[in-house]
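Here the structure comes first, spelled out in structure tokens, and everything after it is commentary.
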Amino acid sequence: MTSSSINATSSREPLIHIPNKPSLSIDPLARADRSVHLSPSFFQPGLSSISSENDDAEQRIHEATRSFNQFGHQFYESIRELSESTSAYERLKANALRRKLENTFGNDSGAATSSSSSSVFERQSDFSAFAPYKNSHFDSTQSLFQPTTSFNDRLEQIKSDFIAEHQKSMSSFSGFNTPTTALGAAFQGMQVKKSAFAPVLLRENLDTRRPGGHLISDILNRDPLPQSRNLNLNMARNVPIRLIHSTSNFDIASSSSGDSGHQDHESIVVEDADMDSPTSPCVKRSAMNFDLRDEPLTVNVESVSSTSDLPSSVSSSVNSFVYQNFDPLEFKRKIDELTASACLAVMPDANGQVDPMAIKTQLDAIKKQMEEHQTHMAEASQRLHVDSSLEDSNCEPSPSSSYDASEPSVKRLHHCTHPNCGKVYTKSSHLKAHFRTHTGEKPYECSWDGCDWRFARSDELTRHYRKHTGDRPFKCSQCSRAFSRSDHLSLHMKRHF
């Protein structure tokens, strides 16, 4: 059958032999027949040798796979982990270990691989199924996976020698501290500083006054806020400010000429050095001797209604109020302590249970703190009073008043005599100012050249005259702003609080 096939092929056309491929020839008519005709010499000469080589390679693959499952997997995993380590020191150790293993296995491979089957396998290993197990660092896979006792002992000895060698200081390497390799001296320090397993540094100087939330470690701490705190005594506090009513004579000037030379006799007001306005010497002297660290700041605040029938100093005195000497930092510290203690009380213990007595203790502490806060509020509300003696001294004298100074201090009632008006006043000056709203009388005329404005009350004339002079006697103690009216200062002060 072989001779007939050869004759049939040669009868069609001689075969074309490919150069450098003596065992392979192609039929030129193969494209037309859609099939390739190979020369019989390609199959016959080397069938026995190739089959034997393939059988030997397959057997060695199975043996190497069995050896790899016993030992090689763990070994290469350790080498790969050391090679992929982010630490330069660990990579240095892995490279040194790999070089030692290469030298050792290279010497063993020359003596172990002497058979013809091994040489054939080395020639065809790149095209075999053994490629996943092939490591280019080693000359022979047979020497690598030879399951002998001597090899295991040798490997353990190499590992122990390597560990003992690298337990020494980094400076023991030759040339490690020379100027050309000085960069390696920082490896060990870099490993300690940037390692994920470096010891955690406790933040001793924790800023507990930050506006954001606290860390969980801060809340779980028994003393989240340090008791000792260095406060700057030279810094003025913003909250402990006493606001009292005014005894100003600007708003109740008795003169009908509208003279702007009246001096402001208000109680202590902190003057602004950048602004120059008429102020009494006693006020300036009090401002210079004022110490924010010893006493709360006193500021005049008035709230005058433009539609009131009474003088502004009288109608606004009911809005005067007083702030206690209250430290907001201390109050915030107590609130933070209560918050941290409450969080600890509601947290379960190791057994998952919550102590009801701890919760009750924290509730009692919160209740006590609320009572103290309400006490401060009650003391502040008690100071919301009207000083009648100051009001009497600020009232205008009334020529037609029926009040007798020789009589005991019994307040008389002054009734409005205008038809259909039943208002009653305790001071005749108030009644007189009110009665002008019925008659339309405006006895106070502006003395500024070219100004024809007239007013029924002297305080209204004083305010109007400040528009001409630009005088702003009411200054803010917190900033450089100044105002011509006390009620404007009162509105401005609310922005600071």
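Every residue, even glycine, has its Cβ placed from backbone N, Cα and C.
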Looking at 19-43, 169-193, 194-218, 444-468, I want to know which stretch Swiss-Prot calls zinc finger.
444-468
Students should find that the zinc finger stretch in Swiss-Prot, chosen from 139-163, 414-438, is 414-438
Looking at 60-82, 83-105, 221-243, 474-496, which stretch does Swiss-Prot describe as zinc finger?
474-496
